[in-house]
Amino acid sequence: MAEGSNTVHSPLVTYASMLSLLTLCPPFVIFLWYTMVHADGSVSQTMAYLYHNGLRGFVDIWPPPSATAFKLIGSYAAFEAALQLLLPGKTVYGPISPTGNQPVYKANGVAAYVVTLVTYIALWWFGIFNPTVVYDHLGEIFSALIIGSFIFCIVLYIKGCVAPSSSDSGSSGNIIIDFYWGMELYPRIGKHFDIKVFTNCRFGMMSWAVLAVTYCIKQYEKNGTIADSMLVNTALMLAYVTKFFWWEAGYWNTMDIAHDRAGFYICWGCLVWVPSVYTSPGMYLVNHPVHLGTQLAVYILVAGMLCIYINYDCDRQRQEFRRKNGKCLVWGKAPSKIVASYTTTSGETKTSLLLTSGWWGLARHFHYVPEILAAFFWTVPALFNHFLPYFYVIFLTILLVDRAKRDDDRCRSKYGKYWKLYCEKVPYRIVPGIC
């Protein structure tokens, strides 16, 4: 198997992860939705219901996917696919892969994001479509996504076996690992439609913004007003998603796109987990408006915006450093760096610059700190009556700690002694002075 397989977990951990995703995550998505929408956000209330009704109780709360749900998902997916293909954008080149391929992208994410939100709000404003329909069928939508995304991942696996898009593909010899981690690094339909850009960015991340707006509109239509807690939550989540699309071309250089293959792990996660779990604080606030008061609302908003900016500035700093080949200023000074050489799978020797100053001198993955804090600040408007709204913050922390370890393992394998030198210069993995 090409580079990428030796950076993921062992087969045993892979089997455990896949079994967990298949058996625990789908019912948890429904559990989360039901608790937020129908059980006042109370885990104990839902658990009491399930305890008294057993398996039958869980079957009863799991809404079957409906025709309306599939129509809404299909319309949304088709609209985003059309924007990805048809909107103009600057040509951007991704990193050269281990086999020498360099993916070419059309950077039109900001345009797609603006068109999506303007269209969605305009449809509501002019009475053409009411977004509350999405909220009212949310359980059915999540149920349809769970099933449809699993089928999509099977098709993706078959495509990798019979019609891979490039030489950045291959089998580990283990069907379970291939399905879970993926067969292809850059699967495409035709020459121009990149599947991972669609699943990760245009479906997953875009749905985050669309659902944030949906929850806001639902609360307004239900109560005739929008609570300041919902406004803070929505503003921070939209700011984060806006930052994402502004930086989308940089995202195409990250582990998700440039190293992780398009398998069940990442694709099912983006198609199901992002719309359901990532948006869950807003889902809770629809029926549980909290009145923070102007002063507290402003404090939370400013703190969250600051974290989002720092997270963006970390990525911007490294991106500019790479683009200018180290010939730039970092915090007003010439950057310190390590020139690391490595050997590709074809035997070529190449060099990379590892930034060791600025944000990247604090810790090797310091940018995860403001990202986790931002998630906390758009959740804290729900206050602390219930634990479940904070599930995303906990999940994100676990996810990013794992990702930091995987990225370190990959870089250690790639750069060898240079990575050891880098770790000596930047000893902390995520939190400066702690770990």
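Glycine too: its Cβ is placed from the backbone N, Cα and C atoms.
Please treat TrEMBL annotations as automatic predictions, because they have not gone through curation.
The transmembrane segment annotation in TrEMBL covers 12-34 (among others). Outside the transmembrane segment (12-34) by six or more residues, the chain places 46, 58, 61-63, 138-139, 142-143, 146, 176-177, 179-181, 264-265, 268, 272-273, 276-277, 280, 283, 388, 391 with a CB less than 8 A from a CB of the stretch.
Annotation comment: TrEMBL describes 110-129 (among others) as transmembrane segment.
Annotation source TrEMBL lists transmembrane segment at 141-158 (among others). Remote same-chain residues near the transmembrane segment (141-158) are listed as 26, 29-30, 33, 62-66, 69-70, 72-73, 134, 178-179, 182-184, 187, 195, 262-264, 267-268, 271-272, 275-276 (criterion: CB distance under 8 Å, separation of at least six residues from the stretch ends).
The transmembrane segment annotation in TrEMBL covers 197-217 (among others).
According to TrEMBL, the feature transmembrane segment maps to 229-247 (among others).
Among the features that TrEMBL reports, transmembrane segment is placed at 262-280 (among others).
TrEMBL lists 292-312 (among others) with the feature transmembrane segment.
Residues or ranges marked as transmembrane segment in TrEMBL: 375-401 (among others). Long-range Cβ contacts of the transmembrane segment (375-401) within its own chain (Cβ-Cβ under 8 Å, at least 6 residues beyond either end) map to 32, 35-36, 40-43, 228-230, 232-233, 236-237, 240, 277-278, 280-281, 284-285, 288, 290, 292, 297, 300, 303-304, 307, 365, 368, 430.
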The transmembrane segment (292-312) vs the transmembrane segment (110-129): three or more C-beta pairs under 8 Å (separation of 6 or more)? no
